[in-house]
Amino acid sequence: MASNSHQEPWLLENGNVKSLSKEMRHGRTAHNMSSSSLRKKSDLTLVSRVPYACLRQLLANLQEVILGTKLFVLFPAIPLAILADSYAFGRPWVFALSLLGLVPLAERVSFLTEQIAYYTGPTVGGLLNATCGNATELIIAILALKDRKISVVKYSLLGSVLSNLLLVLGTSLFCGGIANLSKEQKYDRRQADVNSLLLLLALLCHLLPMLFRYSGESDALSTAESALQLSRASSIVMLIAYAAYIVFQLWTHRQLFEAQEEPEEDGDAVEETAVIGFWSGFTWLVGMTLIIALLSEYVVATIEDASDSWGLSVSFLSIILLPIVGNAAEHAGAIIFAFKNKLDITLGVALGSAAQIAMFVVPLCVVVAWIMGIKMDLDFNILETCSLALSIIATAFTLQDGTSHYIKGLVLLLCYIVIGACFFVSKTPFNQANIINSGIKMTTEAAFRA
């Protein structure tokens with residue numbers, strides 16, 4: 001019997017099971033490979049006995065989408081979060097349940113974009129990954145912008161970059177090094193170099209508005225306005241650079257970003273097949289995105305209440321907790337592939353996500369805020385910006401020789417712990433952050449004039 005005998009033609013709207021050709025395998029980026037490590041095969045034997053075709057297809061899609069992941073046990077958190085909000089059970093509970101509900105949803109979005117890529121080809125699939133790869137962070141940021149919680153936007157996006165560079169990469173290199181002590185771990189430096197260059201460009205665009213604010217060449221209001229204009233111009237430059245990166249990744253140098261395929265135990269290559277149809281995948285993707293938007297709105301609305309109830313600062317919740325929970329599935333996959341000594345996939349996940357956040361999501365939020373009439377700039381304040389700078393530099397030094405061992409991962413992981421401790425002890429009230437920052441700015445300007 002064929003390896004895909006469990007598939008039935010009635011699963012797909014067009015009646016055909018789509019196979020993943022060698023050319024189309026390019027559409028499987030490191031993000032797809034990482035998320036696929038948490039998926040499980042579905043047994044459709046019982047479903048195939050249902051006599052009605054429409055009901056059969058619905059049940060098959062439910063089994064593939066809802067039960068096709070090892071994280072399905074977290075799906076009940078979604079209705080519980082909705083009930084907790086509807087009946088005012090407790091806003092910190094709404095925050096916690098919403099975060100748990102976002103974990104499987106982020107993994108399922110990656111699964112659905114991969115399913116759609118089987119029909120659209122590798123190029124469109126790559127574009128979907130380039131835009132939907134960090135959909136959770138983008139939706140949370142836009143909803144926070146709508147509520148004019150600019151600090152939450154900046155903190156959560158900064159935390160996503162820091163967690164990818166230090167926590168995910170550090171844990172992966174450490175665990176991979178321990179699990180492969182007898183092997184020399186190597187990876188392709190070229191992809192790491194490209195992502196490091198993009199991160200350095202993003203760092204420059206973050207540093208200049210902050211340095212401009214402390215330059216003291218004009219009064220506070222004009223300096224803030226000039227820094228805002230500089231941030232908007234820099235955001236456009238970053239989006240152009242990201243567009244060039246997409247062309248580089250999908251067309252001119254796509255061989256650098258091809259994910260490694262796992263062979264079968266007998267040495268034969270795995271023949272990948274689509275398990276749901278194009279329109280089913282598209283419908284599920286829209287539905288999952290709407291649920292992510294709902295839970296993200298709960299997170300944004302209740303983060304301050306959770307901060308007060310748990311005694312943790314909003315900066316700690318946004319920089320540390322939100323990125324860890326929101327990307328738990330992808331991060332776990334990266335660590336699993338590090339155990340298997342597939343560091344190219346691990347680096348593709350960690351560095352690729354960090355570059356996508358820094359070069360696409362952050363500048364896009366600035367542009368969206370500009371359209372909404374909200375003054376959001378790229379000045380993340382001196383503590384946050386210095387943490388970002390040191391993280392990027394430490395990561396670049398770690399990856400410069402093309403080999404890895406557990407000490408490199410341990411150092412990156414310890415760097416993240418120190419940064420997390422810094423924001424943990426920071427007890428700046430959320431509603432006073434802008435006042436304090438203004439006071440620091442005025443004091444610094446006075447010192448420069450003196």
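Even glycines carry a Cβ here, placed using N, Cα and C.
Any TrEMBL annotation is an automated prediction that lacks curation.
According to TrEMBL, the domain 'Sodium/calcium exchanger membrane region' annotation covers 93-251, 282-419. Annotation comment: TrEMBL describes 65-84, 93-112, 124-145, 157-182, 194-212, 233-251, 276-300, 312-339, 345-371, 405-425 as transmembrane segment.
If you count C-beta pairs under 8 angstroms between the transmembrane segment (312-339) and each of 65-84, 157-182, 194-212, 233-251, 345-371, the highest count goes to 157-182. If you look at the transmembrane segment (345-371), the same-chain residues 6 or more away from its ends with a CB under 8 A from one of its CBs are 29-31, 33-34, 130-131, 133-134, 137-138, 141-142, 145, 150, 153, 157, 160-161, 164-165, 168-169, 172-173, 176, 187, 191-192, 195-196, 198-199, 201-203, 205, 231-232, 234-236, 238-239, 241-242, 245, 257, 259-260, 327, 330-331, 333-335, 337-338, 377-378, 395, 399. Below 8 angstroms of C-beta separation, residues 31-32, 34-36, 38-39, 65, 68-69, 71-72, 74-75, 77-78, 80-81, 84-85, 129, 132-133, 135-136, 281, 284-285, 288-289, 291-292, 295-296, 298-299, 302-303, 305-306, 321-322, 325-330 of the same chain, each at least six residues beyond the ends of the transmembrane segment (93-112), sit close to that stretch. Looking at which of 65-84, 157-182, 233-251, 276-300 has the most CB pairs under 8 Å to the transmembrane segment (405-425), the answer is the stretch 157-182. Same-chain residues lying 6+ beyond the ends of the transmembrane segment (157-182) with a Cβ under 8 Å from its Cβ atoms: 134, 137, 141, 199, 318-320, 322-324, 326-327, 331, 334-335, 337-339, 341, 343, 346-347, 349-351, 353-354, 357-358, 361-362, 365, 380, 384, 387-388, 391-392, 394-395, 398, 404-416, 419. Assigned with DSSP, the residues of the domain 'Sodium/calcium exchanger membrane region' (282-419) fall into helix, strand and coil as follows: 114 helix, 2 strand, 22 coil. Away from its own ends, the transmembrane segment (65-84) comes close to residues 38-42, 90, 93-94, 97-98, 100-101, 103-105, 107-108, 111-112, 275-276, 284, 291, 294-295, 298, 329 of its chain (Cβ-Cβ under 8 Å, at least six residues beyond either end).
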